[in-house]
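Have a look at the structure below, then the notes.
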Amino acid sequence: MRIGLFAVGRLKSGPEKDLAARYFDRFAKAGPAVGLELARVAEVAESRASNAETRKREEAAMLLKSLADGSILILLDERGKALDSEAFASLLGSYRDQGKRDLTIAIGGADGLDPSLYDRADATLCLGKMTWPHQLVRILIAEQLYRAVTILSGHPYHRV
């Protein structure tokens, strides 16, 4: 199953980008052994519209346009469901085992996500109750993708 990340906003060069790249690279190398591969990390510029609702609508349109047909869509939102690492790995494994070909994880912009995306989403998850800047969210989700691969493969990286 191909897993991609869609993010509103671009990471500038620096330690955050380097750390996210390190975990995406680990995921890309380890994932194929358990049937998961990194499709792409798509970054789009934040909308320049003058109001938040229009910005969210425009960003949602870019996301929907980038989705492969039949892609699973997981939104990251502070009001989403909190999963521990094992449950996240299980969720990915379950989509893989159902024969799903593509999965996209979406990180919204500063204004959040357009309401229309929640109807289209297969799941809405949070990375805790706190609000995180998108630079850190990328690192967190990249690490959790790598951790999910290690859990699914029985690798000792994930220790409880």
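All positions are counted from 1 along the displayed chain.
Glycine is no exception: its Cβ is also placed from the backbone N, Cα and C atoms.
Here the structure is a predicted model, which means the values were calculated and not measured.
Leu127 (S-adenosyl-L-methionine binding site) carries neither a helix nor a strand DSSP state and counts as coil. The S-adenosyl-L-methionine binding site annotation in Swiss-Prot covers Leu76, Gly108, Leu127, Gly128, Lys129, Met130, Thr131, Trp132 and is backed by sequence analysis.
In the three-state DSSP assignment, the secondary structure recorded for Gly108 (S-adenosyl-L-methionine binding site) is coil. For the S-adenosyl-L-methionine site listed in the record, the two most distant Cα atoms among Leu76, Gly108, Leu127, Gly128, Lys129, Met130, Thr131, Trp132 lie 16 Å apart. Summary: among the binding-site residues (Leu76, Leu127), the fewest other C-beta atoms within 10 A of the C-beta are counted at Leu127. Sequence-distant neighbours of Met130 (S-adenosyl-L-methionine binding site): residues of the same chain at least 6 apart with a C-beta under 8 Å from its C-beta are Glu78.
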